[in-house]
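Below are the features I grabbed from Swiss-Prot:
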| type | residues | note |
| --- | --- | --- |
| COMPBIAS | 1-11 | compositional bias 'Gly residues' |
| REGION | 1-21 | region 'Disordered' |
| CROSSLNK | Lys22 | SUMO2 cross-link |
| CROSSLNK | Lys104 | SUMO2 cross-link |
| COMPBIAS | 105-116 | compositional bias 'Basic and acidic residues' |
| REGION | 105-132 | region 'Disordered' |
| CROSSLNK | Lys113 | SUMO2 cross-link |
| COMPBIAS | 117-132 | compositional bias 'Low complexity' |
| MOD_RES | Ser123 | phosphoserine |
| MOD_RES | Ser127 | phosphoserine |
| REGION | 148-263 | region 'Disordered' |
| MOD_RES | Ser164 | phosphoserine |
| COMPBIAS | 183-209 | compositional bias 'Basic residues' |
| MOD_RES | Thr215 | phosphothreonine |
| MOD_RES | Ser216 | phosphoserine |
| MOD_RES | Ser217 | phosphoserine |
| MOD_RES | Thr219 | phosphothreonine |
| MOD_RES | Ser220 | phosphoserine |
Amino acid sequence: MFGSSRGGVRGGQDQFNWEDVKTDKQRENYLGNSLMAPVGRWQKGRDLTWYAKGRAPCAGPSREEELAAVREAEREALLAALGYKNVKKQPTGLSKEDFAEVCKREGGDPEEKGVDRLLGLGSASGSVGRVAMSREDKEAAKLGLSVFTHHRVESGGPGTSAASARRKPRAEDQTESSCESHRKSKKEKKKKKKRKHKKEKKKKDKEHRRPAEATSSPTSPERPRHHHHDSDSNSPCCKRRKRGHSGDRRSPSRRWHDRGSEA
């Protein structure tokens, strides 16, 4: 009554398996194959859905709180613009780049200088006292050398005068040694520049001499030839030839006339 049913299945959901998709040639056509049927050594043994796990719901500020914060900031800005409120300036620290720029302006290396040696960093309090900078100390500071400026200058006290007398010769010795070293380095630089300048002059002179010699060498053997030709022209044989040619150059009528007169 009923025909024989064919074997096999229709491929329902119960017959589907992602492991079979891995070996299928058309696996790229299956939706979600990169997560459910990963192929390759970079996907094996890794959690490919890590981005969807461990997320805690972050409760941000409500709309009313945001509006209140904006209004407060606008009110403070208005008061500062009208002059009713002082603006709080946050001090910015000196970064490494700024420190290097300051050292370059002073004319020294940043490694040789310290922060306490730079001018304009911080201010001394009133209790420290007045700092005296002599002419030599100022010169040393311009050269980028360390100057001891932490001693006080007070009118009274024998101990302070003795300490200052001890410190002065040290500073003077430092400045003298620094000046001498600076002069020596300048002299050496000048000598090197002079040597380089002399070498360059010698090279230029050699280069100028070479083309002059090259141009003068081919013209030298031609000169005696011209002199030889002139000497030949001045010889008596050449003079006779010239006379003969000059006589032959006369017109034929003149020649016949001369012959008739001779006859």
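Any Cβ shown, glycine's included, is placed from N, Cα and C.
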Do me a favour and check the Cα-Cα span between Lys22 (SUMO2 cross-link) and Lys104 (SUMO2 cross-link); whole Å is fine.
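Rounded to the nearest whole number, the Cα-Cα distance is 65 Å.
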Run through the compositional bias 'Basic residues' (183-209) and tell me, per DSSP, how many residues are helix, strand and coil.
27 helix, 0 strand, 0 coil
